[in-house]
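Annotated features in TrEMBL:
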TRANSMEM  76-99  transmembrane segment
TRANSMEM  120-140  transmembrane segment
TRANSMEM  146-168  transmembrane segment
TRANSMEM  180-203  transmembrane segment
TRANSMEM  209-227  transmembrane segment
TRANSMEM  239-260  transmembrane segment
TRANSMEM  286-304  transmembrane segment
Amino acid sequence: MNTMKWLIRREFWEHKGMLLWAPLAAATLVALLAGTALLLGHNFTYEVNGVGGPIGDIVVEGHARTGMAAAMTRHYMAAALPLFMMLGVLVFFYCLGALHDERRDRSILFWKSLPISDRATVLSKVALALVVAPLIVIAIGTVESLLLLLAACGMLLLHGSNLFGEVLATPDLYLAPLRVLALLPVYMLWALPTVGWLLMVSSMARSKVFLWAVGGPLLAAMLMGWADKVLHLGVNSAWFMHTIVARILLGVAPGSWFLFTNLEDHQLLRGDSVVSSSWASLGQPGLWIGAVAGVAMIAVAVWMRRRREEG
């Protein structure tokens, strides 16, 4: 266990710029843009039934206070959506170079001289991609969203509407981050095929890792479609593209499981519906088939790292 912790820590420090500073920079940029919009909001105007004025003149009173506080706390984690989208890109490129880069810069010779198994090394990379990186992004996204929510309440206070009490008393303020955290096990299972595929390619390819990882599946899908059109082989290229190619390339994108499930748009309006629908996707056989395939590809990556020798 101590060895695994040390390996994960080593992986984190080697990729600190990608896993920590990049999300922090993105969160700072989003916060600055949103903060600028809040500061300039007093220049905006409104008009309702022919009566209007500066938006800063709006005073929230009565039942509208509770309704506005509920709406703000229900959706405030949406401010972290750019970070969650960024997470998929970070995990993708981390896994893509995880085993190839150490062969390219010869650092693998040093690590192999230590009494650390190839299995432990590869599993530490899997843990960083599936657990550590998402937790970092969730933490940064939660802090960013809370700061923006408090900033919005502060701007309302300057215009005479104090919603701090209602916001702090709303359960969704505390439940929203927990709902996001509850999606982590679902994300791990759906991302497993992509992580396994990228690590396997990273352990095999001597160069042009991106072309092998992305171009290979896309080329295979194109050839299957061409063969079906020309030779009338009856090959279902659309199924191959959706079930195989999309699964091994898009699995690390948060929420990618909605591409493979039948879910109506109106079911995504509330956070608890997103969580329940996401956990319901675990009942699909395709998920577990993909997870088993991901584990098998990770095993191949371990075997390749053990056997691979770069001249």
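Just so it is clear, glycine is given a Cβ too, placed from its N, Cα and C backbone atoms.
Segment contact holds for the transmembrane segment (120-140) and the transmembrane segment (286-304), given three or more CB pairs below 8 angstroms at sequence separation of 6 or more. The list of residues near the transmembrane segment (239-260) in space but at least 6 beyond its ends in sequence, with Cβ under 8 angstroms from a Cβ of it, reads 84-85, 87-88, 91-92, 95, 129, 134, 183, 186-187, 190-195, 197, 213-214, 217-218, 220-221, 224-225, 268, 277-278, 281, 284, 286-287, 290. Between the transmembrane segment (180-203) and the stretches 76-99, 146-168, 209-227, 286-304, it is 286-304 that has the most C-beta pairs under 8 angstroms.
Among residues of the same chain six or more beyond the transmembrane segment (286-304), those with a C-beta under 8 A of the stretch's C-beta atoms are 99, 118-119, 122-123, 126, 189-190, 192-197, 199-200, 202-204, 243, 247, 251, 257, 260.
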